[in-house]
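The transmembrane segment annotation in TrEMBL covers 17-38, 463-483. Per TrEMBL, active site, proton acceptor is recorded for Glu174. Summarising the annotation, TrEMBL assigns ATP binding site to Gly203, Ala204, Ser205, Thr206, Gln207.
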Amino acid sequence: MSAQREMKEKNPWHTPVTIIFTVIGVIAIVALVTVAVLQNRPLPQKYKYGIVLDAGSSHTALYIYEWPAEKDNNTGRVEQTHSCKVKGPGISSYASVPRKAGESLSECMQEARQRVPEKRHSETPLYLGATAGMRLLNLENSLASDKVFQAVEEALQKFPFSFQGARILSGQEEGAFGWVTVNYLDDRLKQSLETRGALDLGGASTQISFVSDDFDGSESPDNGVAFRLYGNDYNLYTHSFLCYGKDQALRMTLAKQTQSGPVSISDPCFNPGYIETKNYSIVYDSPCVSNMKPQGAPATFTHTGKGNFSQCQEVVKRNFNFKQCKYSQCSFNGVFQPRLQGPFGAFSAYYFVMNFLNLADTSIPLEAVTEKLSRYCATPWNQIKQQHPGVKLKYLAEYCFSGTYIITLLTEGYNFTSQNYPNIKFIKKIKGSDAGWTLGYMLNLTNMIPAEAPDSPPLPHAGYVSIVTVIAILLFVLFILSLRPLWPRCSKQPQII
Ligand SMILES: O=P(O)(O)OP(=O)(O)OP(=O)(O)OC[C@H]1O[C@@H](n2cnc3c(O)ncnc32)[C@H](O)[C@@H]1O
Ligand SMILES: [Ca+2]
């Protein structure tokens, strides 16, 4: 028994001081890790919101964006959480009944009221930006466009959001903000990656925006937009072609075929067997074509289809003027365009049309695209209707024209070739947010893209926790090892009987 006691006395683990040190050591390490983890735990997310109404020529759409509230200077990632398509046509179509332009927005605005948490309503900015439809109305009748804006503003002020005004975007803004949206969503700006050009095809105008090493803004300053984003400088080339959206381009193409005032048009851009009696106003009721209106044109005309892609392309080409160019190089209509560079994202009608025609995959060679389009255009109208019973007839009838217009605009207008055509990606959404100018517009107005790259914490939360834990365990092991001289000898003890 005395030997046992002696051994106990020799074993330092059994001395009260060591036991107290060990317990304190363990408690200190557990406390250190707990405090470190809790102190740096991400707080439960609270969000801020922003609403943008895109008052386009063909329709209005509402987008709700959200971003984490506690990030400094609103630098957290912005995402689209909801969109609402306003029923009816674009606000410019209500020129004769402006009150209705305001009323048309109320259903989507009610939705927004429900989607944004009530306690955030008063601080949520609400913007309305109008594009080519209102640009054209303003050119045609500025009083009417003022009245539409007045009605729209009155309607929007009735909602509990922080209304920031309704205005017409310039074509340059529309192009540049579309480019910002695409590159922001792609994370190309923050990571200083090569940017993606933006191609937007609306109903009344079309935009092309890209960064080219050839372009510093000096040759054609009107086409230049300089940005400093996340510490990088961008000299963006952008141009908006008013009247070259797909609806106005169709009017111009029809007008080209009716100039001698025929009562019947046999149109290569519509499927064979298509026949409709149409009012001439659907062609000439726009400043894009009003100067082409023939004297004494009849009230109506018969529009028949003959479905011929190459003839359609010939008529479409007549909308582009390739003759004069006072710059080193031009796209069309004497507009400067630098050398095409980098990948491109094509959205809005580019996507709707190419997706419908199963041509959104640009790995399909350009020659095969035109072949497929030729076949589509030559398909009888009855067959087309049977094959696509759920599709709006107006869109369905126009897909041959729209596809031909898109290919002609890209290749003849902007000079894409079979080599760089695969650089184009037809897109609708990027990471859940619609491609379009609205997000870029809001990011700009809320200063959400800093000019300089923000300082980021050296480590993400998970990395921080792991490192603190590993260091704590190491310290503990070192502490145990430091007591080694006091460890009991491992030599075999004599058996005590
Ligand atoms: O930019 P602006 O010129 O003001 O016009 P918008 O904003 O109203 O134009 P959109 O991009 O919304 O639409 C472009 C065109 O595509 C048409 N469109 C929309 N959905 C479509 C679909 O599913 N198939 C074919 N065309 C479609 C629409 O009617 C327009 O003519
Ligand atoms: Ca648009």
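Note that Cβ sites are derived from N, Cα and C of the backbone, with glycine treated the same way.
On the structure: features taken from TrEMBL.
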residue : record                       : CB count, 10 Å
Glu174  : active site, proton acceptor : 29
Gly203  : ATP binding site             : 22
Ala204  : ATP binding site             : 28
Ser205  : ATP binding site             : 27
Thr206  : ATP binding site             : 31
Gln207  : ATP binding site             : 28
Compared by Cα position, which of the binding-site residues Gly203, Ala204, Ser205, Gln207 is the closest one to the residue listed as 'active site, proton acceptor'? Gln207
Of Glu174, Gly203, Ser205, Thr206, Gln207, the recorded positions whose C-beta sits under 6 angstroms from any atom of ligand 1 are Gly203, Ser205
Within 8 Å of the Cβ centroid of the ATP site residues Gly203, Ala204, Ser205, Thr206, Gln207, which other residues of the same chain have their Cβ? Ser57, Thr131, Ala132, Asp200, Leu201, Gly202, Ser240, Phe241, Leu242, Tyr244, Gly245, Lys246, Gln248
Would you identify the secondary structure of Ser205 (ATP binding site) according to DSSP, in three states? strand
